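Following: one structure in structure tokens, then a few remarks.
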Amino acid sequence: MDFLPLFHSLQGRLALVVGGGEVALRKARLLADAGARLRVVAPQIHIELRHLVEQGGGELLERDYQDGDQPGCVLIIAATDDEPLNAEVSRAANARGIPVNVVDAPALCSVIFPAIVDRSPLVVAVSSGGDAPVLARLIRAKLETWIPSTYGQLAGLASRFRHRVKELLPDLQQRRVFWENLFQGEIAERVLAGRPAEAERLLEEHLAGGLAHIATGEVYLVGAGPGDPDLLTFRALRLMQQADVVLYDRLVAPSILELCRRDAERLYVGKRRAEHAVPQDRINRLLVELASQGKRVLRLKGGDPFIFGRGGEEIDELAAHGIPFQVVPGITAASGCAAYAGIPLTHRDHAQSVRFVTGHLKDGTTDLPWQDLVAPGQTLVFYMGLVGLPVICEQLVAHGRSAQTPAALIQQGTTAQQRVFTGTLENLPQLVAEHEVHAPTLVIVGEVVQLRDKLAWFEGAREDA
């Protein structure tokens, strides 16, 4: 190990930055974020760097560096494009025993800056020892996606209760087990879900009860998006990997289901038109029953759970029974499939609004507000509209929409099996029969469809027409 990782307390302490350009500004921002007072020396100083120093009550020395600029400093940064000057700053710092960093010159450094993931008070540092800084930044980028932004709040919660827990659990091993359970349990999940006050209340109750605790279940209502696993949110993926039970729909792609925790129980509750594997009211009750057993229940739905996903009905039942839940939105099919098909839903020249419409109603009909749907300057997106497509096209034309209005069918959008067929209201039902189009298929109607010829970028199954 060429460098020993340490964390340096700079709160209220003086740091010298030699240099006044963009590079010096970047280093100065890091120092200021750590609470350091800045002394900047350079003949010319970047305007933003000047403001940064002034805001922090630091010192601006608009002149050349001098050997006497170091007194009182606990850290020195050389950030100029003058190599002899940088070497001089390094020699002077080393002679005085002051840690020094010279930008892009590891051999002249006694300390180096890592790539930083900041979830203060939790901080993660990644370093290549100056040998491969780009690689360190790439690793940091991965960590940024893996570590939730609310981990800082979680660490802060632990800090506030640390001494009380130590009093209740004087044994080190017992404390370690306590914190491990807390960081992986419902209290941590409340923080990560954006409910820190609730988490603190639960922890208070837990400690007041002498650490006796009964596990409380929770339901995660998660949108799985339109099919491409890369479109999942970070939060969705995290919850998928910690749930005890998964209730999933027919529209959840197998590749997404595979990302769930391996040992989680999986229950298929999918539906298709006139064929419900599990009735909706039974799904609602099942969520309540499983969560009441203390289980973490993942309700995984294709697209977004609040857009034609009946998510509102499910959480209404949970709320009525006092079951904790959180909702994770997903990319809805209209947005995802249209984007992968190269069809912008709005466009300044073609559509100033977009309307999402269900293709069949609760009683199986397509009794829709047709007059509203033929208003100019709008794009229509029909979910579950394949069976009722002949009626949809007929009624739109009957109520004033041109039979030559561009329209598209997007089957299994955003996946490798995606197929897109474009036509008009007049021939769209015929395309379904000719190409044996099947569900899940999204229907888009509007002038924006004609832009697909120019904007299509995703290949999919390459059977488009």
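Any Cβ shown, glycine's included, is placed from N, Cα and C.
Here Swiss-Prot has Gly302, Gly303, Asp304, Ile307, Thr332, Ala333, Met384, Gly413 binding S-adenosyl-L-methionine, and the candidate from Pro170, Pro196, Pro226 in that same listed site is Pro226. Residues Pro226, Gly302, Gly303, Asp304, Ile307, Thr332, Ala333, Met384, Gly413 are listed as the S-adenosyl-L-methionine binders, and the farthest two of them sit 17 Å apart at their Cα atoms. Taking the Cα atom of each, Asp249 (active site, proton acceptor) and Gly303 (S-adenosyl-L-methionine binding site) are about 11 angstrom apart.
Figure note: comparing Cβ neighbours within 10 Å for the binding-site residues Ile307, Ala333, the maximum is reached by Ala333. According to its DSSP assignment, Ala333 (S-adenosyl-L-methionine binding site) is helical. The local packing around Ser128 (phosphoserine), expressed as other Cβ atoms within 10 Å of its Cβ over all shown chains, amounts to 18.
Mapped onto three states, the DSSP output places Pro226 (S-adenosyl-L-methionine binding site) in coil.
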